[in-house]
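**Q** Attaching a single structure in structure tokens format; questions to follow.
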Amino acid sequence: MEVIIMPEEWTIVRTRRSKARSHQRHAHSPSFHPTVSSSTPTAAAASSSSPPSNGLSSSGNGTMEKLVGKQDGEGERRKMEEEEEHKKQLLVKVERSMEKVQHSAFFKKFMEQLQDLELLEILLGTCEQGRTVGETGSCLNGATSSSSTGASPAAPEILDGSSSTDSREHNGKTMGIDLVVFGVGSIADSEVSRCQIALAMLLKQKYESLFNKVLVYDPVLSDLEFRVLTTLGCAPICHDENGSRRVHVPTVFYMPHCEVGLYNNVLLANLEPWSCLSQVLVLGNSFHKYQERWSVFPQPMSPRPDCLLELQKKHVKEYIVDPVNFPLGSAFNDMSWHFFPHHRWYSKTLNPVP
């Protein structure tokens, strides 16, 4: 209640409206237009929640997607460039190792021994010899005579889509040798491994007319290392065979310093028919030394390599490889050539190894 005192006798009484009613009246007034500053939090929230107009927001999203896609493309390109650079660097290292091996006294002695013994020529000749023997079939193309037990296992698949059967075989005559490299280790991390693979590549170069291809596997090899080996002309084996590779053509197994079980598996895989093993030439740790170790120091905690030990007694010809003080002593020490003369496999005194 508001009392206004006027001059003389007049007194006017006027009722005061509440603030709530006053605000309500102004809100319904057509002339009331509330304005909110764009700087206030309420205005910012309203602006952010309002739908896009005139397609400006969608255009912004498209621009952002293009920017993100461009960044991803640049990242992928940089990654590819880095991988290519790493590949080139590793190739240079392998080529330097090849030069080191090639110009060493060890390699000169190694080649002289191989030529004097004519091991590769003997290996090529065993296939034709095996066909003249009637007691069992040849294992060319994996085909055996009716006297053999069971069919030969399928050739392991390799990444290039071919099998271990020689593509240059014609009219039943084998025209070349496969070179299988097991257990060479990491060529990116080890100079010893690079020198060991270098020896395989030099063998392929020196006997280009005899060797069909070089097949490589080691579980520690990375994708980058396999790409480098492919560039050098090798064909990576696509899965771990654990040494159980059945040969269908004359094959050199190059296995520098592998576990004894791996050598044993190679022999077991090619033991029957016996003519198959005559097509195998193993370059690796000395079988004779394995026999000595197991005779003097039995290893009850390790599986006994029965096949290797039994064959070593009478049916293996072994020739020690002279390391000739190679600068990296652990690369080629304690290695020998091992082959299995064909006539021994058809001796009546030879019993199959269980």
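Backbone N, Cα and C define each Cβ position, glycine as well.
Sharing the features that TrEMBL gives for it:
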REGION    15-86  region 'Disordered'
COMPBIAS  15-28  compositional bias 'Basic residues'
COMPBIAS  37-63  compositional bias 'Low complexity'
COMPBIAS  67-86  compositional bias 'Basic and acidic residues'
REGION    142-171  region 'Disordered'
COMPBIAS  142-156  compositional bias 'Low complexity'
DOMAIN    178-339  domain 'SRR1-like'
**Q** Give me the DSSP three-state residue breakdown of the compositional bias 'Basic and acidic residues' (67-86), ordered helix, strand, coil.
**A** 20 helix, 0 strand, 0 coil
**Q** Can you tell me the mean pLDDT for the domain 'SRR1-like' (178-339)?
**A** 92
